[in-house]
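Below is one structure, written out as structure tokens; the observations come after it.
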Amino acid sequence: MTLYQIKPLFQSLLRPTMFWLYKHHVTANHITLAALALSLLTGLLLMLAAQPILFLLLPIVLFIRMALNALDGMLARECNQQTRLGAILNETGDVISDIALYLPFLFLPESNASLVILMLFCTILTEFCGLLAQTINGVRSYAGPFGKSDRALIFGLWGLAVAIYPQWMQWNNLLWSIASILLLWTAINRCRSVLLMSAEI
């Protein structure tokens, strides 16, 4: 069970916004680039300032990014805006945004740089394995337990927690370690889904 499974409900809430954007000639690629720009600017601010209180921004930005990601996909599918450029922007934008938003954790007190870098590597690996499924079987794998939406929830809550209770940063490295394990588990599950689907075919 992952947050990805409640995506249809989230999309239904966003559908009026999607129609408004379409009416005003906003394209899926515009939304994708806006999400990327927001992530890069937020990540840069968090890294340069390196103040725990600013991590209050993280859950807000992650929620906005999640909404923008849903909107760009809806515009592409439902408004006939699917393009090869859009697919490239979507996949690369997701990975770059993840790095931009989670790399600032490295600059928090009590954070072990190697653990944060390992976590980011596992994040990229997880997305690569999801894409690998699409390359082999034609269907992208969103297997959990620690997909993009789940990461946004957990890291957003942690950003909120350390902003309000800075003393909780003593647990940073435990969270990065657990996250890395869950990400590796997710990568394995996504590879397994490729093999299982291939066996069925």
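Glycine residues also receive a Cβ, built from the backbone N, Cα and C atoms like all the rest.
Identical topological domain names are assigned in Swiss-Prot to LEU71 and MET197, which places both on one side of the membrane.
Long-range Cβ contacts of the topological domain 'Cytoplasmic' (140-151) within its own chain (Cβ-Cβ under 8 Å, at least 6 residues beyond either end) map to 1-4, 7, 66, 69, 94, 98, 102, 123, 126-127, 129-134, 179, 182-183, 185-186, 189-190, 192-194.
Summarised as a single figure, the pLDDT of the topological domain 'Periplasmic' (108-116) averages 95. Residues 28-29, 32-33, 35-36, 39-40, 42-44, 46-47, 50, 55, 58, 61-62, 65, 69, 72-73, 76, 113, 116-117, 119-120, 123-124, 127, 131, 148, 151, 155, 172, 176 of the same chain lie 6 or more positions beyond the ends of the transmembrane segment (85-107) yet place their CB under 8 Å from a CB of it.
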